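These notes concern the structure reproduced below.
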Amino acid sequence: MDAPWRVLSAEELEKQYSPSEWVVRRGAQEALQTYLQMGSEATSKARATRKSQLDVPYGDGEGEKVDIYFPDAASEALPFFVFFHGGYWQSGSKDQSAFMVNPLTAHGVAVVIVAYDIAPKGTIDKMVDQVARSIAFVQKSFPENKGLFLCGHSAGAQLAAMMLLVNWSKHGVTPSLKGFFLMSGIYDLEPLLSTSQNAPLHMTPEDARRNSPQRHLEAAPVEPGNSACPVLVIVGQHDSPEFHRQSWEFYETLCQTGWKASFEELPSVDHFEIIWNLTREEDRLNQVGPGPPTVTAKGPISKVKDHSENHLQ
């Protein structure tokens, strides 16, 4: 049976994978501008008000840097929230991505914002490798941490999801992964091949398959130590139907392959609001730490497997 996206016209496929076309409270350009403005303002505020280490190199490349923000009572024995920005692997920056820093550091969580080489300088293969090396760097730098919690938005969710497949022995460390937050992600890259999003990426079908966590998860047995690591797959109510389909199918695959997965559709938010709302301490996702997230099923209730736990404890 062909994947649902294969029956879409070229025009519809383009629209499905253009998140700004689905915003409901503002125009496409206004949504993008607001997203960038809020990210820049949140980052400026975080840098001005929080203890931080900025532009810390995790590799030799010019773009291989992280910003690390600490709670007031800083120590190595902290949970670390590691964030990978979106932008379709071709835009975005750590300098505009500290949305959640102030709310999380106020609750005793250190936050790491990761930079990686976006296209056309970087390929998706290179980005996946950089993200893995950034995680290894954080683990080696803070070996007494209380757990690393990986979060990615949009393209960043694909990069974070690829970390489920990493052979960490190649990096000389086993990171203390305690949770994944995957927000409005794409987990099968093949539909993008014939859209304008692929123009700067130059993905071949082989590239797309190699970097699609949806396709590889079934072949990657869950390591015993990872089976208790919860994965929360999140999508906004006003994300496109294709983003909803990708998120639900990835959640189902996680469940089928032994991961502790949960799924949540956040009401009333679009692809951009889902992340910029993290600037607010009372936002739903900033409250995940104190208790388990609820699961809002998009499919038959019998398919829901909520194995979530206390993510930031």
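Glycine too: its Cβ is placed from the backbone N, Cα and C atoms.
Taken straight from TrEMBL:
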- 81-271: domain 'Alpha/beta hydrolase fold-3' (DOMAIN)
- 85-89: motif 'HGGXW' (MOTIF)
- SER154: active site, nucleophile (ACT_SITE)
- 198-222: region 'Disordered' (REGION)
- 204-218: compositional bias 'Basic and acidic residues' (COMPBIAS)
- ASP239: active site (ACT_SITE)
- HIS271: active site (ACT_SITE)
- 284-313: region 'Disordered' (REGION)
- 303-313: compositional bias 'Basic and acidic residues' (COMPBIAS)
Study note, to complete from the structure: DSSP assigns the residues of the compositional bias 'Basic and acidic residues' (204-218) as 12 helix, 0 strand, 3 coil
Point to revise | Segment confidence, the domain 'Alpha/beta hydrolase fold-3' (81-271), expressed as mean pLDDT | key: 93
Exercise for review: Provide the three-state DSSP residue tally for the motif 'HGGXW' (85-89): helix first, then strand, then coil.
Suggested key: 0 helix, 0 strand, 5 coil
Review point. When you measure from the Cβ of the residue listed as 'active site, nucleophile', which residues in the chain that are at least 6 apart have a Cβ under 8 Å away?
Key: PRO19, GLY86, GLY87, TYR88, MET183, SER184, GLY185, ILE186, HIS271
Review point. Which residues does ASP239 (active site) neighbour through Cβ under 8 Å, counting only same-chain ones at least six apart?
Key: PRO19, TRP22, SER184, SER247, ASP270, HIS271, ILE274
Revision key, fill the gap. Cβ atoms other than its own within 10 Å of the Cβ of HIS271 (active site), all chains, total 25
